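Straight from Swiss-Prot, the features:
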| type | residues | note |
| --- | --- | --- |
| BINDING | CYS120, HIS122, CYS139, HIS142 | [2Fe-2S] cluster binding site |
| DISULFID | CYS125-CYS141 | disulfide bond |
| DOMAIN | 88-175 | domain 'Rieske' |
| TRANSMEM | 18-38 | transmembrane segment |
Amino acid sequence: MSDTEDNKNKQTTRRDFIVLTASSVAAVGAACAFWPIIDSFNPSADVLALSSIEVDLSNIAIGQTVTVKWQGKPIFITNRTHDEIAAARAVKMSELIDPERDEVRVKAGHDNWLVTIGICTHLGCVPLSHKGEYNGWFCPCHGSQYDSSGRVRKGPAPLNLAVPPYIFISDKKIRIG
């Protein structure tokens, strides 16, 4: 090999390194320049504060379901009877399309309160409460039936009614979101 060929290989390698380094610095600079623009798409603090709601449970009678709106979605809040709780806990997991124990769907110590997102998991219709074979919810669009724990028992719905994030602020008040 001649000195000229060795020099070309070294220059090519050196050139590749310089191009790679310059490209990396440019990419990091572009990311830093665009970060404020990307970050502006996140919701502001006042919008995040409105993303949670507080619901007073004291006016909901035993056996009654109330619907509230949270983030544009209907939320079913049900004050279940002892019979509804016992029936939901007696169901065998093998009978469920989407097996989930009743105890997992409610907060410990507040077994009578069931909070679910009121949207059918099949195609997004709003089910009717205290309807159907299982005394839970019935979706009039395609016939999905949910039990008193919001678990799908029959029909085309693949999943149980979703449980939104919520906490008990007191025995008679919850915060959803």
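From the backbone N, Cα and C atoms, a Cβ is placed for every residue, glycine too.
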How many other Cβ atoms sit within 10 Å of the Cβ of CYS125 (disulfide bond)?
16
In angstrom units, rounded to an integer, how far apart are the Cα atoms of CYS125 (disulfide bond) and HIS142 ([2Fe-2S] cluster binding site)?
9
Residues in the domain 'Rieske' (88-175) grouped by DSSP into helix, strand and remaining coil:
10 helix, 27 strand, 51 coil
Counting other Cβ atoms within 10 Å of each residue's Cβ, which of the recorded positions CYS120, CYS139, CYS141 comes out lowest?
CYS141
For the recorded [2Fe-2S] cluster site, enumerate neighbouring residues of the same chain (Cβ within 8 Å of the Cβ centroid of CYS120, HIS122, CYS139, HIS142, site residues themselves excluded), in sequence order.
THR121, LEU123, GLY124, CYS125, PRO127, CYS141, GLY143, SER144, GLY155, PRO156, ALA157
Which residues, sitting 6 or more apart from HIS122 ([2Fe-2S] cluster binding site) on the same chain, put a CB under 8 Å from its CB?
CYS139, CYS141, HIS142, SER144, GLY155, PRO156, ALA157, PRO158
Among all the protein chains here, how many other CB atoms are within 10 A of the CB of HIS142 ([2Fe-2S] cluster binding site)?
12
Stretch-averaged pLDDT - the domain 'Rieske' (88-175):
91
